[in-house]
Amino acid sequence: MAIKSKSNKENLQPNKENRTNKTNWILTIITLTLIGIISVCLLLSYPIIKKNVPNYITNYSVFGNYDFKEKIIDVSYGIYYDYLEKKAEENEKAINPMEDFFNLKKENRYEYGQDYEYKLNEDKASLNEYVNYLINELHDLGNLRVYAMDENGNTVYETKEDQSWLLEALAKNSYMEKDDLKNYYRFYVVLKYDDRGKLSIEGWYGENEYKARQLLNSSRLTSLNNYSFYNEYEAKPIENMTYVYAIPKTLEYHDSLYYNEIYNKTMALSDSSMVFIMIGMAFAFLLALVIPFKYTRNILCFNKFSKIPLEINFIIAAIIMALTFESASLIISPTLQGGLSEALKMTSLPHLDIVTYIINVLYWMVIYGFVFYEVINIKYIFNIGFKNYIRKNVLVYKFKEVIFAVLRKLVNYIKGVDLNKKSDKVLLIILVINFFIVSVLCSVWFFGILGLIIYSVLLFHFSRKYINKWKKDYNKILEKTKEISNGNLDSKDDEDCGFFNPMRDELNNIQKGFKAAVEEEVKSQRMKTELISNVSHDLKTPLTSIIAYVDLLKGEEDEEKRKAYLETLERKSQRLKHLIEDLFEVSKATTGNINLNIMDVDISYLMKQVVLELDDKINEAGLDVRLSLPEEKVILSLDGQRTYRVFENLIINVVKYALPNSRVYIDIKEGRENVDVIIKNISADEITFNINEISDRFVRGDKSRNTEGSGLGLAIVKSFVELQGGKFHIEVDGDLFKAIISFKKK
């Protein structure tokens, strides 16, 4: 029994699906039939639309075309100038457009001043050409009928045709049968200029009084400023002339009047049809609104339609709107005028009238079907929820991560602009993006206005946001400058300042430079103080000894002691002499007030000579000197005497401070560009001095100053080496003391 029940359920499920599909097909057919009926009804209303066109054509006048008003004034001036030229010829006088037709405007006349006459002669040829252009303008209006006469009633110009006498009679106001005029002309206007150039309209037909008064008040009928070049000139007014302009009922020539008529008829047809089109849309809208959503959602293809992205839906909607508003010229007018049937003849299809009707019905079914589906789609959005619809159907949301990543990259690129470099590329990118956005918004008609409003609001929001950030960054830079001006040179600012980061970095460099300068000045002041103290001490010590031994000599009678005192006095005097000489040497080297005797010197030989000269002192200190010199001569352009003194001071320094019974290494290494002299020894005492200051004047490794020396040895070395274009520096590794001299090769 249970097996049988299960089998029944399996049989019922396909039947249920079949019934659902059948219902969907029936509903789809009914919907399409109703939309088709609406489309057929609109097609059947074509004759009524055509019949109502005259009611709308009055909204589109001849003078509604700005170009036509322009041409009337051009033709009027052209006929007038031609009349003046012929009149001058009769009087055997030459006409000058610069004097008879045009005047340079007052403001321009003052501008040119003394060059006024030169300006007129320069433009004479151009203005003559322009006068000929005005006369020839009439030939471009084949459908325009013109009659002109002067104040004496003489015919100045007339269009040759059988009915030209009607226009002459109208100009002279001698023919009162206006019905004859209406039988031949759809429009005419009589313009009269008095002896002061004032214009009045003497009569009109085919335009209401409001349009005629608009023409009368048009500044273009009393001025001639057709091109910017001629804005420098003002045309003299037309005087004592009467013009009649008329347009016949049948337009024989394809001129601007002919195409203007086609445009007016198309616009009137569009206005006449729009009422019926909107009624059809209202029925399609109500049909989708009345049918419950649970039925309409199952209509054929709606599932696919509902999955169309919102952006593509907008594009389709824009196309449908274009088809709707341009339907008068695309489908209605070709159908009523037979143009569509003529085009279909090329296809060799039978029953062209039926095919024409089918095309019309399908055209409107597409439009009304889209309206129907859009209403269902709106109901679908309310059914699933706006957020769900955005997640499913909005491409921008689906690709938001990619879009945001690109936008973040772009924003960071713009924010990272270096103000020290050209920003043309960034500016061009911003302008291209702005142009693209505005172009897209401008292409969607009414919705574009709404989009532009939203875009402008967003642009204002982001602009204000970034301007405020730039103000904040600017204030950070300002605070930094205030701190520096107040003497705070220890503040460290690595905070992001956006566009002003290069300025922040430069301010940090300025701060470091100021701080280094201040520290250098403090160091200089300290060294000056120490210099005075050390000089006083080092000069006072031998002087005190000399004075003491002189006093001892005065009271000592023992010859042996006197001899010992004299030796001590000589030694102290020599020390004082060397100290003073060293002071002078350092002073001259520091100020550059020293003459160098440059010659070719073999520094390997010079080093051997110094070591040999100081051999006694080296042995006395128990030092083992290891020389590592190149086999070949190392010739450099140096001052031999000063270089000898450099090597001597370095080795004496080693003798004084090196650990007794230790090895001293002296290496001379020849490189591609430099020759290095390296002296290494182990210090007897712990190295606690500052290696950056040890080569300064009166600075000694022995802070207690118990050892003999002036503290000028390394200062002299540094000064003499630098004077000869070399470099001197000291390196320390634990108790290993290393003095390095580097000379450039020739």
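Glycine is no exception: its Cβ is also placed from the backbone N, Cα and C atoms.
What TrEMBL records for this protein:
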| type | residues | note |
| --- | --- | --- |
| TRANSMEM | 25-49 | transmembrane segment |
| TRANSMEM | 274-293 | transmembrane segment |
| TRANSMEM | 314-334 | transmembrane segment |
| TRANSMEM | 354-373 | transmembrane segment |
| TRANSMEM | 426-459 | transmembrane segment |
| DOMAIN | 534-731 | domain 'Histidine kinase' |
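Most Cβ pairs under 8 Å with the transmembrane segment (314-334) belong to 354-373, among the candidate stretches 25-49, 274-293, 354-373. Listed by sequence, the residues of this chain that lie at least six past the ends of the transmembrane segment (274-293) yet keep a Cβ under 8 A from its Cβ atoms are 31, 34-35, 38-39, 41-42, 45, 48-49, 324, 327, 364, 367-369, 371-373, 375-376, 379-380, 383. Averaged over the domain 'Histidine kinase' (534-731), the predicted model reaches a pLDDT of 79.
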